[in-house]
């Protein structure tokens, strides 16, 4: 899932569309002799600048969202990591047990899928350690999960439950399985990203340049410029779709760079930021000017999910909504923290305006919206083709979180008409969707925070 990193892009200063009108984009890449860069200016497709997002996220949102994801309600994610890839045969040959997720004791006996093969024994051994899921769960937690299930089953649901109802779905402690470098690479990772970009992002048949940033043509300036001229000419909805996938890819690669395996000496792994790896994926010289585009799309995705949280706040503000774990005191504190974050989000003055999407001819807009939804749903299914268990976990969670954000943005009327005292009529979110939504946004918040840290490190290196 972490192979490659980021997307190729146009020159750092360009003209882009903002909503339905046009404006000059002042998004710049400023360099020094140390290749340290500072992102600044207005983003494409929205009236928001990078500096405002940095200050708002790093000082107001990140500290609180980090605390929220450490609460019991949000740290445990129920996921099925055993579903076979629906698009191509399993090509794994590495049969090392620890490459897989170890099921909880009460569900042992299920057969496990093979993990992806690596090019050497040492790489396979590394994947055994880095890609394995830590499935440690206390007996108290397992008893609590059964109670959570009974509580959730008592609710009426109005959406597909997917992993939640699968007999192979298991709770995973996200704090014990942080998203970081796993060594997952090679043909399997390339195939996943290639399928996402080439088969699911929108482009006309006349465009031959691969969308996949891992493709050999990456970095050819003339082809790149032509490609992005075409991309800017797309309708807003199709351009947004591409930028969401690009932003997710960039965010994942920042996590890889920030939590890199630096040393395995003395029997203990040391994790930390890898500046060289960061430069390889985002530096303007290393990417032939394309690092800017990759980071722009990260900020754009942040704004999309931030807007979804703004829109969904009324759903959670109702007294009837309880973030249930069985501990009334903790549940109250968790909801109070969530509502504080919502109140902070409401103060942000430059939210993305989703009303400019799907706003044309009603029949055409409806068709495009359905196509948009199906393309994204297909990408969520591709996550079952990721050969590294830990990468699959975080890939599924973040695509589920983004999918939930899109569901919220397209359900404004349903949210506005919510009954105050009925939990089961109208717009509904499952525990699975809520946990994914908050953790996915937390990942983006962390990426922007880590980006700030990389800037400081590059500045110190001179």
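Note: Cβ is positioned from N, Cα and C throughout, glycine not excepted.
Per TrEMBL, the feature active site, nucleophile maps to 388. Look at TrEMBL and you will find 391 tagged as active site. What TrEMBL lists as FAD binding site is 180, 182, 193, 246, 249, 281. TrEMBL lists 94-99, 388-391 with the feature disulfide bond.
Of all Cβ atoms in the protein chains displayed, 26 besides its own lie within 10 Å of the Cβ of residue 391 (active site).
Separation of the C-alpha atoms of residue 180 (FAD binding site) and residue 391 (active site): 9 Å, rounded to the nearest whole number. Nearest in space to the residue listed as 'active site, nucleophile', taking C-alpha to C-alpha distance over the binding-site residues 182, 193, 249, 281, is 182. For the FAD site listed in the record, the two most distant Cα atoms among 180, 182, 193, 246, 249, 281 lie 21 Å apart. Using a 10 Å Cα-Cα cut-off from the residue listed as 'active site', the binding-site residues that qualify among 182, 246, 281 are 182. Within 10 Å of the C-beta of residue 388 (active site, nucleophile) we count 25 further C-beta atoms, all protein chains included.
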